[in-house]
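Sending over a structure as structure tokens; questions will come in a sec.
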Amino acid sequence: MDEAPVTRSTLNVNSQQKSKAKNKIKNTLNSNELSSIEQRKKYQKHLKKHKNTAEDISGKGNCSPPWRLLSSVLGAMCLLLMAVAMVMTTFTTKSSSERSSSTIQQEGLHHPCPENWVWFRCSCYFFSKEELIWRDSQRACLSLNSSLIRMNKEEMNFFSLKSFFWVGVYYNETRRQWLWEDHSVLPSGLFSKLEANMKNFCASYKSKEAYMEENCANKLTYICKK
């Protein structure tokens, strides 16, 4: 059998058919690629939506993060401790005040002083209203089973009077120094401002910064101590 002659038109037809086949294959591949890309985009969009939903639930839900709950608990505990501390401080202050008052009352009962006498540091003091010379003041205190006050630094810090009173200090001309009424020497620094060489002089007292030499024949009020 004789083969049909190959003509240019036949070649063109074959070429067109091959070109169409290639385009069809190419379009098919492109379509598949597009479909795959679209699927990936849809999947990524789905993941993103799911992630946002999870964040909304964790951020806006009813369940608070643990650190918020912990801070609330700690804040409440701090307020409670402050309230307890305030109550304890008030109670301690009140108890201390009551104990101090009770102690003073008990000490006053244990160390009672006669009427018109003042109690201080386990001693009783009498502040006279009458004025006498120093020697007569001595005798008046002796009649009350006491003596003219022999002051110490604590008493000088405590007693601040409105006027001058006789105390148990006089100037001894023979020894040329100030002595207590029992002739003992004054402690160093006590009544240090009194001047020497004061014949027939005794000491009068008003406060720790106000005491002076006074002629023993002058009349003053006096302080007795026992």
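Cβ coordinates are placed from backbone N, Cα and C, and glycine is handled just like the others.
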Scan CYS124, CYS141, CYS202 and flag the one Swiss-Prot records as disulfide-linked to CYS224.
CYS141
Could you pull the disulfide partner of CYS113 out of CYS122, CYS124, going by Swiss-Prot?
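According to the record, the bonded cysteine is CYS124.
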Do you know which of 1-28, 29-56, 85-112 Swiss-Prot annotates as region 'Disordered'?
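That would be 1-28, per the region 'Disordered' entry in Swiss-Prot.
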Among the residues ASN145, ASN172, which does Swiss-Prot list with the feature N-linked glycosylation site?
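The residue tagged N-linked glycosylation site by Swiss-Prot is ASN145.
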I want to verify the bond table. Which candidate from CYS122, CYS202 sits on the other end of the disulfide that Swiss-Prot records for CYS216?
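Checking Swiss-Prot, the candidate bonded to CYS216 through a disulfide is CYS202.
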Show me the subset of CYS141, ASN145, CYS202, CYS216, CYS224 whose Cα is within 10 Å of CYS124 (disulfide bond); these are the recorded positions I mean.
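CYS224, listed in sequence order.
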Please spell out the DSSP helix, strand and coil residue counts for the topological domain 'Extracellular' (90-226).
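Residue counts in helix, strand and coil order: 37 helix, 43 strand, 57 coil.
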State the Cα to Cα distance, in Å, between CYS113 (disulfide bond) and CYS224 (disulfide bond), rounded to an integer.
12
Where's the emptiest Cβ shell within 10 Å among the disulfide-bonded residues CYS141, CYS202, CYS216?
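Each of the disulfide-bonded residues CYS141, CYS202, CYS216 was scored; lowest Cβ tally within 10 Å is CYS216.
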At a 10 A cut-off on CB-CB distances, which of the disulfide-bonded residues CYS113, CYS124, CYS224 has the highest count?
CYS224
